[in-house]
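S.K.: One structure, as structure tokens, below. Some questions next.
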Amino acid sequence: MTNIRKTHPLMKIVNHSFIDLPTPSNISTWWNFGSLLGLCLTVQILTGLFLAMHYTPDTMTAFSSVTHICRDVNFGWLIRYIHANGASMFFICLFLHVGRGLYYGSYTYFETWNVGIILLFVVMATAFMGYVLPWGQMSFWGATVITNLLSAIPYIGNTLVEWIWGGFSVDKATLTRFFAFHFILPFIITALVMVHLLFLHETGSNNPSGLISDSDKIPFHPYYTIKDILGALLLILILMILVLFSPDLLGDPDNYTPANPLSTPPHIKPEWYFLFAYAILRSIPNKLGGVLALVSSILILLTLPLLHLSKQRSMMFRPLSQLMFWLLVADLLTLTWIGGQPVEYPFIIIGQLASILYFTIILLILPAVSLIENKLLKW
């Protein structure tokens, strides 16, 4: 009798995706982050669902409802902090996942890569709208500043901003629609994840060497299921240490003050995972220029398959490219630090230099170094 998992229409899909999937035998821990992102998404949807049962998307009661969740709901404080810090873990995994793709040349699977970039944009939009919901000071002013950036779009800018706000300022209508979008987007993300996996399974996974691994494949289960479970346990351990020992470590104290349109916080800044983009935005004195730089900082990832000039796919055997890659990582960490600093000397100039370096490394230095390495191969 044939095994049910190989014949049943639904089980067959699961089998081909997670059980009998032929996988390269040498993929390292850097390939764990895909499954960890799946875990993060599941945790966020579940905790978010339970939070939505008690939250009220109204300017008068939103802040109080979050307080009520933390004080009166059974384990409400735990659900709230798992959700808030789960977002941070989500972005850590996302950045490492994208970094892995950049280092090992996974972007040459360009359908998978492009869907991944769309996913990155949608996750960032979801996180931004989620940050507005507690209706604290940073929620309100963050929403005001970021939505206001759209007014830089020529001709339709101001109309567009008022259309998104649902009035002449960030108010009840804005909060209600942000809650609606924040609720629906994770399910759209789930659908996009399926598309992402569909494209990935068309080609099979890349591996650290960047070489074709068809001659050396092993089944996903049990080898990588066990490996993914280890990664999941470590992720949960780190998340729970964060949640139970210092839940507010990555948050902003200003968000414990209810939103007040009449008093601006001294330093408006987003959550830590947006600081690099915020620093790039602030480094350009012109409003429209800043917005374009902000969008370009993520869209630039789309150019990677076009700028890949090396004869080798992975950076595993390319020491000069490795050096440039780690310079890019250091630059992004610098931008993250600058994004959280006030707009004054010397932070302004450091931010501008780091922003220029970010675009230069990706658009000029990495392709140039690839060509040099190609020449060195002929020695």
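From the backbone N, Cα and C atoms, a Cβ is placed for every residue, glycine too.
Pulled the feature table from Swiss-Prot, pasting it below:
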BINDING   His83, His182  heme b b562 binding site
BINDING   His97, His196  heme b b566 binding site
BINDING   His201  ubiquinone binding site
TRANSMEM  33-53  transmembrane segment
TRANSMEM  77-98  transmembrane segment
TRANSMEM  113-133  transmembrane segment
TRANSMEM  178-198  transmembrane segment
TRANSMEM  226-246  transmembrane segment
TRANSMEM  288-308  transmembrane segment
TRANSMEM  320-340  transmembrane segment
TRANSMEM  347-367  transmembrane segment
S.K.: Looking at the binding-site residues His182, His201, which sits with the largest number of other Cβ atoms within 10 Å of its Cβ?
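M.R.: Highest number of other Cβ atoms within 10 Å: His182.
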S.K.: Sorted by position, what residues of the same chain at least six away from His97 (heme b b566 binding site) have a C-beta under 8 A from it?
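M.R.: His97 (heme b b566 binding site) has long-range Cβ partners Phe33, Gly34, Leu37.
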S.K.: For His83 (heme b b562 binding site) and His201 (ubiquinone binding site), what Cα-Cα distance in Å is obtained after rounding to a whole number?
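M.R.: His83 (heme b b562 binding site) to His201 (ubiquinone binding site), Cα-Cα distance: 30 Å.
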S.K.: Taking contact to mean 3 or more CB pairs closer than 8 A (sequence separation of 6 or more), are the transmembrane segment (113-133) and the transmembrane segment (288-308) in contact?
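M.R.: The transmembrane segment (288-308) and the transmembrane segment (113-133): touching, yes.
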S.K.: Is it true that the transmembrane segment (226-246) and the transmembrane segment (320-340) have 3 or more Cβ pairs under 8 Å, skipping pairs fewer than 6 apart in sequence?
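M.R.: Between the transmembrane segment (320-340) and the transmembrane segment (226-246), which are separate recorded stretches, there is no contact, as judged by 3 or more close Cβ pairs.
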S.K.: Taking the Cβ of His196 (heme b b566 binding site) as reference, which residues of that chain separated by at least 6 in sequence fall under 8 Å from it?
M.R.: Thr112, Val115, Gly116, Leu119
S.K.: Express the distance between the Cα positions of His182 (heme b b562 binding site) and the residue listed as 'ubiquinone binding site' as a whole number of Å.
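M.R.: Cα-Cα, rounded: 29 Å.
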S.K.: Let me know how many other Cβ atoms fall within 10 Å of the Cβ of His83 (heme b b562 binding site).
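M.R.: Around the Cβ of His83 (heme b b562 binding site), 21 other Cβ atoms lie within 10 Å.
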S.K.: Please classify the secondary structure at His83 (heme b b562 binding site) using three-state DSSP.
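M.R.: Where His83 (heme b b562 binding site) sits, the three-state DSSP reduction gives helix.
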